[in-house]
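Enquirer: Pulled these features from Swiss-Prot for this protein:
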{"type": "COMPBIAS", "residues": "1-19", "note": "compositional bias 'Low complexity'"}
{"type": "COMPBIAS", "residues": "26-49", "note": "compositional bias 'Gly residues'"}
{"type": "COMPBIAS", "residues": "88-97", "note": "compositional bias 'Gly residues'"}
{"type": "COMPBIAS", "residues": "98-107", "note": "compositional bias 'Low complexity'"}
{"type": "REGION", "residues": "1-67", "note": "region 'Disordered'"}
{"type": "REGION", "residues": "83-151", "note": "region 'Disordered'"}
{"type": "REPEAT", "residues": "165-186", "note": "repeat 'LRR 1'"}
{"type": "REPEAT", "residues": "188-209", "note": "repeat 'LRR 2'"}
{"type": "REPEAT", "residues": "280-301", "note": "repeat 'LRR 6'"}
{"type": "REPEAT", "residues": "303-324", "note": "repeat 'LRR 7'"}
{"type": "REPEAT", "residues": "326-347", "note": "repeat 'LRR 8'"}
{"type": "REPEAT", "residues": "349-371", "note": "repeat 'LRR 9'"}
{"type": "REPEAT", "residues": "444-465", "note": "repeat 'LRR 13'"}
{"type": "REPEAT", "residues": "467-488", "note": "repeat 'LRR 14'"}
{"type": "REPEAT", "residues": "513-534", "note": "repeat 'LRR 16'"}
{"type": "REPEAT", "residues": "559-580", "note": "repeat 'LRR 18'"}
{"type": "REPEAT", "residues": "582-604", "note": "repeat 'LRR 19'"}
{"type": "REPEAT", "residues": "606-627", "note": "repeat 'LRR 20'"}
Amino acid sequence: MNLCSSGATASTTSLSSTGQAERSGGVPGGGAEGGGGDGGSGNSGGGGSKTNDGSTEAPTLCFAGGSGTAGAIVGSAELSNANSPANGAGGASGSTGSGQQPTGSNGHSHLHNENNANMPPETRPKMVTVKHPESNKPKPTTKKSKPIQADQDVIKALQRCRDEGIKRLDLSKSSITVIPSTVKECVHLTELYLYSNKIGQLPPEIGCLVSLRNLALNENSLTSLPESLQNCSQLKVLDLRHNKLAEIPPVIYRLRSLTTLYLRFNRITAVADDLRQLVNLTMLSLRENKIRELGSAIGALVNLTTLDVSHNHLEHLPEDIGNCVNLSALDLQHNELLDIPDSIGNLKSLVRLGMRYNRLSSVPATLKNCKSMDEFNVEGNGITQLPDGMLASLSGLTTITLSRNQFASYPTGGPAQFTNVYSINLEHNRIDKIPYGIFSRAKGLTKLNMKENMLTALPLDIGTWVNMVELNLATNALQKLPDDIMNLQNLEILILSNNMLKKIPNTIGNLRRLRILDLEENRIEVLPHEIGLLHELQRLILQTNQITMLPRSIGHLGNLTHLSVSENNLQFLPEEIGSLESLENLYINQNPGLEKLPFELALCQNLKYLNIDKCPLSTIPPEIQAGGPSLVLQWLKMHSPYRQM
């Protein structure tokens, strides 16, 4: 029996008023996940569109399915009009109906039947104008104001698709559970969007859509695909993300025109050797499955530019990966990889290589050949050192992330390895020294993260890091901050928490662009008066030190929004704290010697949070303290000798 036989007449193949056959090819759109990320399914336009030869293409049919990438028009707005752009009017807008009778941009009002006018409002059908290709006459049609709720509505949609020769059909986000067999009659379809429904299986008749090029089935409950899908020999994009597939359906391996295949977030445990048949693939996403082995078949996919196998259980990669010489993005992060094959060096077009969070103890020296890479990230492995001079060979690198490994020293290769780098992250290693002159060629270096290492001192040439914007030296064993810190006048973020600093140099006042200064958990007793010169400072964190008083110059920090001096030895707060007009959060809790607050604190009108826990404030009644910042400030104001405040 021929599943694809139907009563459709040949007239459905042409919708041009001149009798000219309509052009092949669907409306552009329908992109999905890109580079392993979550993408959408393209714009869903409405209405017909003009072709290059002046004839009219078949319109797109889009049902309202809520907001999202398809973006159908909801309510009583127009579905299309004569002045629609090429990809259809109203697809991306997602606008809702206003409740008024709309008028199309071509001047035609929506038509109402006289009988409808006499019907009660609650039973009167909503009317929308659909521009039919063979005529400029508006055609009334019924449109629900809510997403499709019942599967019988799909039957009507498919009938209309058949009758009007629709090429692009969007039934996404419509709570559909079953696709009826009448889908076989929609022979003009080139794009079909069924994502975000409740579909458990596809009918065999789906194979009748032999013109289909883009099929989006993501976010359903599919466990298999019908064998008849192999008849869709022109299919180029297949999106099966977020389903319940335990294996790659065998029929997929026979879709040899596929260029893009998304299988992310399923339950796939293995990849068959038949994968080698998909030689036209340029993008393959197997992200977030349960795959333990990637066979040699991957090497046959020589046209691949993007391969995402992240978040699986891979322990090894086949040497054949080196045959995929057109790869520009290879994502291997969050696996259990123990090694990387030497053949990786054949991938000379590689720009991005994700190796984060694996079980690597080393990387191959052949990576030197991948000179197009702009980012090198091996965070969360067990690497102790990189191949000698490898980073220097990768002269295009701008970002280097070596955090959460076992480095005891900086990578070998000298200053040349950081020439074009603007961000270096070596957090959570065992490095005890930053080599003198290591950044002498790094003129563009703006971010350095050395948090959670074993540094006891900073290099004498720290003053040459003049372009540094963000410097994180937290959780080390630093005992002194060099005076030359004053030369880092582009610095905006300085984090020195959890060290052994006893004082801050007066030259700190030269860092006029500083926005965040974190000195938490040190041994600081006194802050320099020059702290008041940091007029751009927004966050000052001083908690868990041994500070006995704040300098009066703190009143000059007009942009300060967050001040934490909890767990210190404060005896009082300076009156100048009342000048902090931008202050929103003030932590002064656990200062056992702080017995009173200055009345001037009431001038901090923007204060939203005040923590005074475990401070013996004998002058303020407990019930006032328990009432929160506003009540405390009100009490201070009422009892102030300056009633005019």
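Glycine too: its Cβ is placed from the backbone N, Cα and C atoms.
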Enquirer: In the repeat 'LRR 19' (582-604), how many residues does DSSP call helix, how many strand, and how many coil?
Expert: 5 helix, 3 strand, 15 coil
Enquirer: Go ahead and report the DSSP secondary structure tallies for the repeat 'LRR 16' (513-534): helix first, then strand, then coil.
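Expert: Going by DSSP assignments, the repeat 'LRR 16' (513-534) contains 5 helix, 4 strand, 13 coil.
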Enquirer: Going along the chain, which residues at least six beyond the ends of the repeat 'LRR 13' (444-465) come within the CB cut-off of under 8 Å?
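Expert: That would be 398, 403, 418, 420-438, 471-482, 484-488, 490, 495.
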Enquirer: Any idea what the model's mean pLDDT is for the repeat 'LRR 9' (349-371)?
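Expert: Across the repeat 'LRR 9' (349-371), the average pLDDT comes out at 97.
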